[in-house]
Amino acid sequence: MFDWGWVSNNITDEILPALIGHIYLSFVSVAIALLISLPIGILVSRYRKVYPPVTFITGLLFSIPSLALFALLVSVPGLGLGSTTVIIALVSYSLLVLIRNVVAGIDSVPEETRDAARGMGLTNRQILFRVELPLALPVIVAGIRIATVTIIGIATIGAYISGGGLGELIFTGISRNFPTRVIVGAVLATLLAVLADLTLLAVERYLRPWARTRRA
Amino acid sequence: MIEFRGVSKTYPGSSRPVVNDLSFEVFDGEICVLVGPSGCGKTTSMRMVNRLIEPSAGEILIDGEPNTAMSGTKLRRHIGYAIQQIGLFPHRTIADNIATVPQLLEWDKGRISARVEELLNLVGLDPDQYRDRYPAELSGGQQQRVGVARALAADPPVMLMDEPFGAVDPINRHRLQDEFLRIQGEIKKTIIFVTHDIDEAIKMGDRIAILQEGGILAQYDTPENILASPNSEFVSSFVGADRVLKRLSLLRVSDVELGPPNGDGLPRLSERMNLKDALSELIGAGVERGSVVSDKDAVRGTLSIETIQRLSHGAEQARGE
């Protein structure tokens, strides 16, 4: 049933490009989502009033079924089929989780730490970059982890609108009734998600050296 | 010198001031304790000195200059700041925490690390052992010491301390208070020290400002004078019914004129004891007199309950005048 011969014949011209395409889609999407979420999260932590509308909009985006969102975006003039459309969809899925974690991370900074920082003469900008963001970073990375794993999964559907990636193998495998393609695509997507999860978990731990305590 | 001139603070949307027309002076090299019940505005008053809070009226002068002469952040870098919750940066090592203000002032690396070492020694923490640890690895008392070291880092002439020893158990608190008084003996900073604890105020203060609800200054004087002659019902009830004993605790046995050495079988009192503890010893032993001895066990003379009584009676009289 599983055709090893096909795997070895197509590893360089089909499987590897699909894997690289998938990594590219996921990485670019998370990166763009992060660039949008960081300033919004910081803004929300300063002006609480904007939090409800931000959660409402990003929550709405998050709740649209992925296939429906892809279909909707394809019909937008100027977008059509292709990886750009897929990336837009993937970004819109990550915003909720990322913004929430940026806000939660900044909120987790103890008030007395902020007060001490201000009392010693740090400017607002220095408090943000030297105190709040470093302390929030592990929580932000935890959000990146969830977003990345989610995106790697949803990105497979992107092949439906010609976004490329491992979904390509799965969809063509189904339509040509060739299970080997489906299995290779599915297994690689899963491995990629697990690997990303573990890597980011390690990063999260590494960023919290102060939590590895040895009590005096 | 720090000078409060008619300082008031009323928060927007409130008609009642939290600090009301406060005027007093904190002298160079002295610890001025702001003490009072909660809601008396003591922390607010302190936070107006380094402009974490801006007053609604009046002004605060530091060495004759209004504290508004420079930006708030620049001002704060030249005033030490230590708070009860300490607020150490959990993601930075002890050395980096202490180096916060020197780094802001762009001292060079060698000078900073020498200063960190000096300060860790000053507060009784071994630099080699603690320099590279994170705050979570230290006990509460050790963290408070680091908090004080951090406030002292850039050698600011003025320090603000808001219940800096409030977060530790009583035994450690007494030790930290004693240590800090010893340090202050060397560094002679001008300090505003906030507490709600009258005993701490009496122990730490060269002068005490007692505030009452609504941020009104009830009395400002030395601990001795406040205990001897509280100027209102509020002050005398705030310092407590045992104020005579508290005043005795400010005097050491060695400060008193002793009777001639006499005596076999009298209980021994160290000349470094305070009079309150000495009185307690005498009452506990059920005797009228004790034999005062030095550290080296040389007999200095005798101390009688009557002498102590006469001294405290003097306090009562002073109040009556």
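Here the Cβ of each residue, glycine as well, is placed from N, Cα and C on the backbone.
Please treat TrEMBL annotations as automatic predictions, because they have not gone through curation.
Annotation comment: TrEMBL describes A:19-200 as domain 'ABC transmembrane type-1'.
Through the fold, the transmembrane segment (A:20-44) approaches residues 50-51, 54, 83, 86-87, 90-91, 94-95, 98-99, 101-103, 105-106, 128, 140, 144, 147-148, 151-152, 155-156, 158, 163-168, 188-189, 192, 196 of its own chain, all at least 6 residues removed from its boundaries and within a Cβ separation under 8 Å. Per TrEMBL, the feature transmembrane segment maps to A:20-44 (among others).
Within its own chain, the transmembrane segment (A:56-74) has Cβ neighbours under 8 Å at 80-81, 85-86, 88-89, 92-93, 95-97, 99, 154, 157-158, 160-161, counting only residues six or more beyond its boundaries. Residues annotated as transmembrane segment in TrEMBL: A:56-74 (among others).
What TrEMBL lists as transmembrane segment is A:80-99 (among others).
Residues annotated as transmembrane segment in TrEMBL: A:135-162 (among others).
Remote same-chain residues near the transmembrane segment (A:182-203) are listed as 2, 7, 15, 18-19, 22-23, 26, 141, 144-145, 148-149, 152-153, 156, 166-170, 173-174 (criterion: CB distance under 8 Å, separation of at least six residues from the stretch ends). The transmembrane segment annotation in TrEMBL covers A:182-203 (among others).
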